[in-house]
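Colleague: Following this message is one structure expressed as structure tokens.
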Amino acid sequence: MENFCFQDSVSLFITIMVLVLLPRLSLSDTSTYTRPENFYVNCGSDSNVFYGGQTFVGDTNSSTNSVSFTNKGTEVINDQSSVAPEIYRTVRIFRHPSSYKFKLDSLGLHFVRLHFSVVFSRADLLTARFTVSATSGSNHHLKSFSPQNLTNTPRVEEFLLMMNSLEFEIRFVPDHSSLALINAIEVFSAPDDLEIPSASDKNLHTIYRLNVGGEKITPDNDTLGRTWLPDDDDFLYRKDSARNINSTQTPNYVGGLSSATDSTAPDFVYKTAKAMNRSSNEQVGMLMNVTWSFKVKSNHRHFIRIHFSDILSNLSNSDSDFYLFVNGYWRVDVKPSEQPRLASPFFKDVVNVSDGSGLLNISIGTKEANKDAGFLNGLEMMEVLSKSGSDYSNRSSSRVHIITGCAVAAAAASALVFSLLFMVFLKRRRSKKTKPEVEGTVWSPLPLHRGGSSDNRPISQYHNSPLRNLHLGLTIPFTDILSATNNFDEQLLIGKGGFGYVYKAILPDGTKAAIKRGKTGSGQGILEFQTEIQVLSRIRHRHLVSLTGYCEENSEMILVYEFMEKGTLKEHLYGSNLPSLTWKQRLEICIGAARGLDYLHSSGSEGAIIHRDVKSTNILLDEHNIAKVADFGLSKIHNQDESNISINIKGTFGYLDPEYLQTHKLTEKSDVYAFGVVLLEVLFARPAIDPYLPHEEVNLSEWVMFCKSKGTIDEILDPSLIGQIETNSLKKFMEIAEKCLKEYGDERPSMRDVIWDLEYVLQLQMMTNRREAHEEDSTAINSGGSLVAPRLMVSDSFSTNSIFQNGDESKNRFGFTDSSETRVFSQLKISDAR
């Protein structure tokens, strides 16, 4: 009751504060951005020209010392008879390594644009070859150029660079006896609300910027001076799969998470779009998607920002929601229905490593058959630059990051507002709505040939289900399911996800159960449904959730499990008001889950079973905190005569084995990697991926390894564990997790080895606990007379003190606690990662 009252008080406080402060926040978020007059250089000229809404100053006519260039060995060409824009009529030529230097006014993210033109007919210009690099606290290889590869149209190469020094230099280096050239340069600071995720390293080279469904937008019509090209039909795999739509309505910039501002993209982008075009000859009961295919560098990391604004729907309801796919593997929910008004612009950010095909596909897909929801307004795609000067593409980074953009409200930045935002964050975490951006979802919307644009799949019927031939004796009548769930009463709903919904139920014999019901008629999850039944029907283990039965009557897909009283491991680590688990309890839970996975990996008559979706939400706890691994819908059987399995990538983002992502080869070691991420969750009590954290902290495993290299692991530990962990126990536990997270599978331990190591960690902890108990007893016995100091047992192997128990190190270095769910259900919960 006290908790309920507290929740109501919090809700009332939030409501009042939102009403008071929202006008200021909204004004701050949507205020008009004015591009700063930093540096606009007209190279090779002594005169100023106006272009793209800015005045470009001649590089020989600068009245300040803020811009300088290497004058030795340079040459100038001035062709005023050209019909090209005026900034392209002059060019500065370098025959030796040369540079432009800028004295910046501020650090942080900056736009850098280099303008090139080959309108001059000189032979040495047409054969010029040179490279461009930049330095501002770190070096960046920007681009290698050869004008002979360009058209006669002037080209602008745009970069987003993080400036770490006020001294910024752009270097031009001709190849051998060739030369370098430049027509104009722009350097200016980006707006504060332009957030780039740390997963991209914040140093980017723009390769595509499209006004989808609309005309070309010139720099004069963009507050940031960008050029938006129309998405020609060349990008669409099937030209008739989409139609252009446009609107005269002014975009409603509302501010907030993932919401766009007037500087995110021009109004014109949000007034036009391409929408699904379901032709009259489409068969009834089909899922549909539309795909844009882009030529990119192979095996290279890309940052993609996708723009949306619902100018299509008449009503804000779930019928307008659809899926966004990246390269056919990763799915994220796009929910226009969650926007407060129609025509409210928002965006999704993605970081993706391209495969070896040289193509990167972006798709929108329907959620339900016979629906044509789905649209796209704009797209920006940028290559990631490394700080060391080479392209950023390494095997350990072969993963997709789905990031929620954030518009920063600077005008109302007070302590009260920060408190409000934090409470709103907790409120969001408590709500039933899931965050699909956090956990990537695997689904292949495309046909087997690359670049496909449509997947027309009839809704499956289950009359020929292979389960009927297994004679499992696990079928439960649908009438019993209805009775157990009180006709699927929403009051009994305890979880939902990509497959369907989970209900707490009482079976006719009085047994508690968790009933998972697939989304009726969606045609999704059939294979997962059958796989889970086939896997669970052949295994029984103390640390694996048992399947009680299933039902497939009336095209239903219903699974019935034993009821796990204490819910998921995740709920006991973060995101709820449950009491914190002790370090000993956490170790015992890890050992139990490891034993369950080891049992799966132990070859049976048909082969080992690879779980393929190990995560903290798939480890459940019974009333005695006994851990059991759950959710086998993605599991695969691995025969002993196969070295590995080559399959499409499935799983949950944040837990995916990088080698599996790179090669599509699945082994038991993929489960080991995911379990290593779970070990980090257990120790640091935070999600594998949390887009609400600062960019460098979003990915748990990467952040932990960074902190380990800096010797700051103790600063990010779960505060509730401070004073509990014995030094050697912590050290050994981190060693196990690090081994599990090795880049290559053959470097990782088996689950059997992990069990042994975890049991050793538990022994280390228990020895310390017993020693401390003995010391307390000795002190108590001697308290009747003069106090006798306890005799400490010291050895070379074990420390008598936790590294967090004494002195300043025991202080809680966190500024907040994570308490975000108002109600905890005991069940089998489904995440949206399917």
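Yeah, the Cβs are placed from backbone N, Cα and C, and that goes for glycine too.
Straight from Swiss-Prot, here's the annotation block:
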ACT_SITE  Asp613  active site, proton acceptor
DOMAIN    488-761  domain 'Protein kinase'
CARBOHYD  Asn61  N-linked glycosylation site
CARBOHYD  Asn149  N-linked glycosylation site
CARBOHYD  Asn221  N-linked glycosylation site
CARBOHYD  Asn246  N-linked glycosylation site
CARBOHYD  Asn277  N-linked glycosylation site
CARBOHYD  Asn289  N-linked glycosylation site
CARBOHYD  Asn314  N-linked glycosylation site
CARBOHYD  Asn352  N-linked glycosylation site
CARBOHYD  Asn361  N-linked glycosylation site
CARBOHYD  Asn394  N-linked glycosylation site
TOPO_DOM  427-834  topological domain 'Cytoplasmic'
TRANSMEM  406-426  transmembrane segment
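Explain the structural surroundings of these features, please.
Modeller: For Asp613 (active site, proton acceptor), the Cβ neighbour count at a 10 Å cut-off comes to 26, with all displayed protein chains included.
Packing around Asn61 (N-linked glycosylation site) is summarised by its Cβ count: 11 other Cβ atoms lie within 10 angstroms of its Cβ, all protein chains included. The DSSP secondary structure for Asn61 (N-linked glycosylation site) is coil.
In the shown protein chains, 16 other C-beta atoms lie within 10 A of the C-beta of Asn221 (N-linked glycosylation site). DSSP gives Asn221 (N-linked glycosylation site) a helix state.
In the three-state DSSP reading, Asn246 (N-linked glycosylation site) counts as strand. In the shown protein chains, 13 other C-beta atoms lie within 10 A of the C-beta of Asn246 (N-linked glycosylation site).
Take the CB of Asn277 (N-linked glycosylation site) and look out to 10 A: across all protein chains shown you find 16 other CB atoms.
Around Asn289 (N-linked glycosylation site), a 10 Å sphere centred on its CB holds 24 further CB atoms from the protein chains shown.
According to its DSSP assignment, Asn352 (N-linked glycosylation site) is in a strand.
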Colleague: What number of additional C-beta atoms lies within 10 angstroms of the C-beta atom of Asn361 (N-linked glycosylation site)?
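Modeller: Around the Cβ of Asn361 (N-linked glycosylation site), 22 other Cβ atoms lie within 10 Å.
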Colleague: Measuring Cα to Cα, tell me the gap between Asn246 (N-linked glycosylation site) and Asn221 (N-linked glycosylation site) in whole angstrom.
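Modeller: That separation, Cα to Cα, works out to 17 Å.
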Colleague: Indicate whether Asp613 (active site, proton acceptor) is helix, strand or coil by DSSP.
Modeller: coil
Colleague: In whole Å, note down how far the CA of Asp613 (active site, proton acceptor) lies from the CA of Asn221 (N-linked glycosylation site).
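Modeller: If we compare the Cα positions of Asn221 (N-linked glycosylation site) and Asp613 (active site, proton acceptor), the gap is 47 Å.
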Colleague: With Asp613 (active site, proton acceptor) as the reference Cα, tell me which of the glycosylation sites Asn61, Asn277, Asn289, Asn352, Asn361 is the closest one.
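Modeller: Considering only the listed glycosylation sites, the nearest one is Asn352.
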Colleague: Provide, as an integer number of angstrom, the distance between the C-alpha atoms of Asn352 (N-linked glycosylation site) and Asn289 (N-linked glycosylation site).
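Modeller: Between the Cα atoms of Asn352 (N-linked glycosylation site) and Asn289 (N-linked glycosylation site), the distance comes to 20 Å.
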